[in-house]
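Okay, so here's the structure we're looking at.
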């Protein structure tokens, strides 16, 4: 049985800290607790406006954790330079809109193919694994393969927002796209809006190798603590994976 990895996004620890402008809660400490509880990687989204995690946080997290740092960034030159300075294990390139509350859609690989190819080439030359956050659309996935991305992260936002009846169609689309990406030689990840309830159907897609989950785990941690919140998610992932073997 292949292990499904869990990346824990700690952005919203910083969001809570920034409400009062102090030092606590510290995203570095929570990243360490997530790792102790079984997180396979730590994800941070370093935004252009530093609305939650900032560059200092990311550097401290990288120095403090034993697992992998996955850095989500926009494709602006300034942000790519920050990634080069930080040198994370992996970078996930995402679209960014200053007015959005959270990432609203996947990156348009087709439209930005030439530029993205240069960015990917530069990051990979420094030993950084590169992922593209894409909507479950075959043409976007094909373009991701053509510009030598290592991975795609399928946007599960639409699936996560729908009720049970509607999301059957979306989950089938995600399955098809995951299989397609796998055939193209891309490693497949998934994330956005996943929680302790809707993650179960995603776990059953064998081509998906890693999930990135943040808000629901951080929210749960306010009730049960960070380590228990991560363990509960890992238990759900493991039990569902076993069930479908």
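Numbering starts at 1 and runs along the chain as it is shown here.
Positions of Cβ are set from backbone N, Cα and C atoms, glycine also.
Feature annotation from Swiss-Prot assigns active site, proton acceptor to 45 (among others); the stated evidence is sequence analysis. The local packing around residue 45 (active site, proton acceptor), expressed as other Cβ atoms within 10 Å of its Cβ over all shown chains, amounts to 24.
There are 28 other Cβ atoms within 10 Å of the Cβ belonging to residue 72 (active site, proton acceptor). Residue 72 (active site, proton acceptor) falls within a strand segment according to DSSP. Positions annotated as active site, proton acceptor by Swiss-Prot, on the basis of sequence analysis: 72 (among others).
Here Swiss-Prot flags 192 as active site, proton donor, drawing on sequence analysis.
The 3-amino-2-oxopropyl phosphate binding site annotation in Swiss-Prot covers 9, 20, 193, 214, 215, and the record cites sequence analysis as its basis. Within 10 Å of the C-beta atom of residue 9 (3-amino-2-oxopropyl phosphate binding site) sit 26 other C-beta atoms, taking all shown protein chains into account.
Annotation source Swiss-Prot lists 1-deoxy-D-xylulose 5-phosphate binding site at 11, 12, 47, 52, 102, citing sequence analysis. Residue environment of residue 12 (1-deoxy-D-xylulose 5-phosphate binding site) contains 21 other Cβ atoms, counted within 10 Å of its Cβ in all protein chains. In three-state terms derived from DSSP, residue 12 (1-deoxy-D-xylulose 5-phosphate binding site) belongs to a helical segment.
Mapped onto three states, the DSSP output places residue 153 (site 'Transition state stabilizer') in strand. According to Swiss-Prot, the feature site 'Transition state stabilizer' maps to 153.
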> Which Cβ among the recorded positions (20, 47, 52, 192) has the fewest C-beta neighbours inside 10 Å?
Replying inline: 20
> Out of these binding-site residues, 193, 214, which one has the fewest other C-beta atoms within 10 Å of its own C-beta?
Replying inline: 193
> Out of these recorded positions, 11, 153, which one has the fewest other C-beta atoms within 10 Å of its own C-beta?
Replying inline: 11
>> If the 3-amino-2-oxopropyl phosphate binders are 9, 20, 193, 214, 215 per the record, what's the largest distance between their Cα atoms, in Å?
In response: 26
